[in-house]
């Protein structure tokens, strides 16, 4: 599981953290300004990414659960004043019912179970204003194709030796890999509800602070960052993402029942 404990209040003037797990963009680049308008920052007891799928709804990783959240939208840089920046509180959160939190796990289970059904919906206390820098992205309608070039994004650490978030939103281009590649690394992963993406040669990855952020393959939102190996970007150790096509019915049901 990849998540990041904040050492600061929401001033965001200085962002340092110590990760109990791992999830950041490594080997990436500064995203083009406003190119990822659905990307949000989710701040609770941990720092995570998230995705705006409706003006009132954000989807993120279940392991990013907190009692309270603040959501930053329209951000490219976490510390600068930006014209499209918005801030929202969260009125309700809904972890997937089949996600098993760490504190409830049977200790005989292997770590890969952390990543199964790892998604959560956040109901914003006030709908986001849709602008040039804040937009929703549609849920997938078809299975992603192995070999697709995918884009992951987030403000997670870019250097595993520095416990510090990136101020600028980072993007990284990686390949969607086969289930077999995932099973080689994570023996008990449930590949029907997860995706594996990365570079088998290493060097490019998501990592600490990126959990819950988007994985967009061939222009379609297909996954949410869940976790991976430590340190990030190791050869032959792709990262794990929640496979959203398997959860669209649950997502729509929760949104409909909680207008």
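Glycine is treated like the rest: Cβ placed from N, Cα and C.
Annotated features in Swiss-Prot:
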- 63: active site, charge relay system (ACT_SITE)
- 118: active site, charge relay system (ACT_SITE)
- 211: active site, charge relay system (ACT_SITE)
- 31-171: disulfide bond (DISULFID)
- 48-64: disulfide bond (DISULFID)
- 150-217: disulfide bond (DISULFID)
- 182-196: disulfide bond (DISULFID)
- 207-232: disulfide bond (DISULFID)
- 25-256: domain 'Peptidase S1' (DOMAIN)
- 106: N-linked glycosylation site (CARBOHYD)
- 1-18: signal peptide (SIGNAL)
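Within 10 Å of residue 48 (disulfide bond), counting C-alpha to C-alpha distances, fall the following of the recorded positions 150, 182, 211: 211. Using a 10 Å radius centred on the Cβ of residue 63 (active site, charge relay system) and all shown protein chains, the other Cβ atoms total 25. A gap of 7 Å separates the Cα atoms of residue 118 (active site, charge relay system) and residue 63 (active site, charge relay system). In space, 171 is the closest of the recorded positions 31, 171, 211 to residue 217 (disulfide bond), judged by Cα positions. Closest in space to residue 196 (disulfide bond), of the recorded positions given as 31, 63, 150, 171, 211, is 150, taking the CA atom of each residue. In the three-state DSSP assignment, the secondary structure recorded for residue 182 (disulfide bond) is helix.
For residue 150 (disulfide bond) paired with residue 171 (disulfide bond), the C-alpha to C-alpha distance reads 10 Å.
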